[in-house]
Amino acid sequence: MDERMTIKVGVLGSAGKMGAQTCEAVEGAGDLDLVARIDQDDPIAGLVDAGAQVAVDFTHPGVVMDNLEFCIRNGIHAVVGTTGFTDERLATLRSWLDAQPGVGVLIAPNFGIGAILMMRFAAQAARFFESCEIVELHHPGKADAPSGTAGRTAELIAAARREAGLGAMPDATRTGLEGARGADVDGVRVHAVRLRGLVAHQEVIFGDEGETFTIRHDSLHRSSFMPGVLLGVRRIVDAGGGLTVGLERFLDLD
Ligand SMILES: NC(=O)C1=CN([C@@H]2O[C@H](COP(=O)(O)OP(=O)(O)OC[C@H]3O[C@@H](n4cnc5c(N)ncnc54)[C@H](OP(=O)(O)O)[C@@H]3O)[C@@H](O)[C@H]2O)C=CC1
Ligand SMILES: O=C(O)C1=N[C@H](C(=O)O)C[C@H](O)C1
């Protein structure tokens, strides 16, 4: 490919588990050019010096907003896998992007194609079952719980239940140790497992009279996220600016 046609990519969190995998994937893509590796102690201005058009962020919920403020202000598109995006944070991003027309940001709770389908199928199934709980399972190096994916799945299920007119799920628990019933995310119970040997896994379990229905997704290696990351990089450049939440928006699922 003509070098002038390549997309110049910088990676934030480049020494981390996902950042390192992303650097390798970008270097292996003929249409992308890895121009900057930025980790904890490197100045983020390196993105501008290197002429990055797109920054991929796999850092930490505590620093990602500062990174995005910098990228947007400097006209650099961003593809973000880092977790921790509340409605309030998304509103802040929209206001920053309004001031920089043409700059695009993709926030993707999960880049795994199977994980996106899991979320989609869970939302479809939600209205047919009285009960639903989520079990997410990850490596013990994960800083946040529950996972961003589990939070997003719970929100999608809750929205589908509301639309179908379903009320609260049955649960007779009156006593118990704190945490035993997991976290309540929009009325959906989410349980987080942290275990050596795991990468990223999730089960969505539905139940009703006489039957259960389980949807399970397993990321067995971080390479599973890379086709989604590269797709996000390619699509954000032509997205016309603004905020996109969820890689499914680029997958033509409907
Ligand atoms: N959307 C998706 O599909 C996926 C999302 N994730 C999410 O991505 C995030 C990163 O995960 P993971 O790679 O496992 O985490 P790691 O802890 O392995 O990597 C994070 C890296 O970012 C570095 N870092 C911290 N602050 C900055 C900063 N200001 N600028 C640049 N780099 C910085 C860290 O340095 P130091 O260690 O010194 O702090 C570390 O090297 C998490 O939020 C995780 O949940 C993970 C997998 C898939
Ligand atoms: O930290 C991880 O590893 C992962 N984080 C994301 C999340 O919190 O949903 C995506 C995937 O589950 C891996």
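Placed from the backbone N, Cα and C atoms, the Cβ positions cover glycine too.
Remember, it's a predicted structure, so these values are computed and weren't measured experimentally.
Annotation source TrEMBL lists domain 'Dihydrodipicolinate reductase N-terminal' at 7-111. Among the features that TrEMBL reports, NAD(+) binding site is placed at Gly13, Ser14, Ala15, Gly16, Lys17, Met18, Gly81, Thr82, Thr83, Ala108, Pro109, Asn110, Phe111. Taken from TrEMBL, the feature NADP(+) binding site covers Arg37. Residues or ranges marked as domain 'Dihydrodipicolinate reductase C-terminal' by TrEMBL: 114-250. The annotation active site, proton donor/acceptor is assigned in TrEMBL to His138. If you look up TrEMBL, you'll see His139, Gly148, Thr149 marked as (S)-2,3,4,5-tetrahydrodipicolinate binding site. Annotation source TrEMBL lists active site, proton donor at Lys142.
Thr149 ((S)-2,3,4,5-tetrahydrodipicolinate binding site) counts 25 other C-beta atoms within 10 Å of its own C-beta, drawing on all protein chains shown. In the vicinity of ligand 1, defined as a Cβ distance under 6 Å, none of the recorded positions Arg37, His138, His139, Thr149 are placed. Filtering Gly13, Lys17, Gly81, Phe111, Lys142 by Cβ distance to ligand 2 (under 6 A) retains the following recorded positions: Lys142.
Other than His139, Gly148, Thr149, the residues of this chain whose Cβ falls within 8 Å of the Cβ centroid of the (S)-2,3,4,5-tetrahydrodipicolinate site are, in sequence order, Thr83, Pro109, Asn110, Glu136, His138, Lys142, Asp144, Ser147, Ala150, Ala200, Gln202. Restricting the average to the domain 'Dihydrodipicolinate reductase C-terminal' (114-250) gives a pLDDT of 97. Residues of the domain 'Dihydrodipicolinate reductase N-terminal' (7-111) grouped by DSSP class, helix first, strand second and coil last, total 37 helix, 25 strand, 43 coil. Across the fold, the C-alpha of Phe111 (NAD(+) binding site) and the C-alpha of Gly148 ((S)-2,3,4,5-tetrahydrodipicolinate binding site) stand 11 Å from each other.
A helical conformation is recorded for Gly148 ((S)-2,3,4,5-tetrahydrodipicolinate binding site) in the three-state DSSP classification. Of the recorded residues, Lys17 (NAD(+) binding site) and Arg37 (NADP(+) binding site) place their C-alpha atoms 13 Å from one another.
Within 10 Å of the Cα of Pro109 (NAD(+) binding site), the following recorded positions from the list Arg37, Lys142, Gly148, Thr149 place their own Cα: Gly148, Thr149.
Over all protein chains present, the Cβ of Lys17 (NAD(+) binding site) has 14 other Cβ atoms lying within 10 Å. Applying DSSP to the domain 'Dihydrodipicolinate reductase C-terminal' (114-250) sorts its residues as follows: 51 helix, 40 strand, 46 coil.
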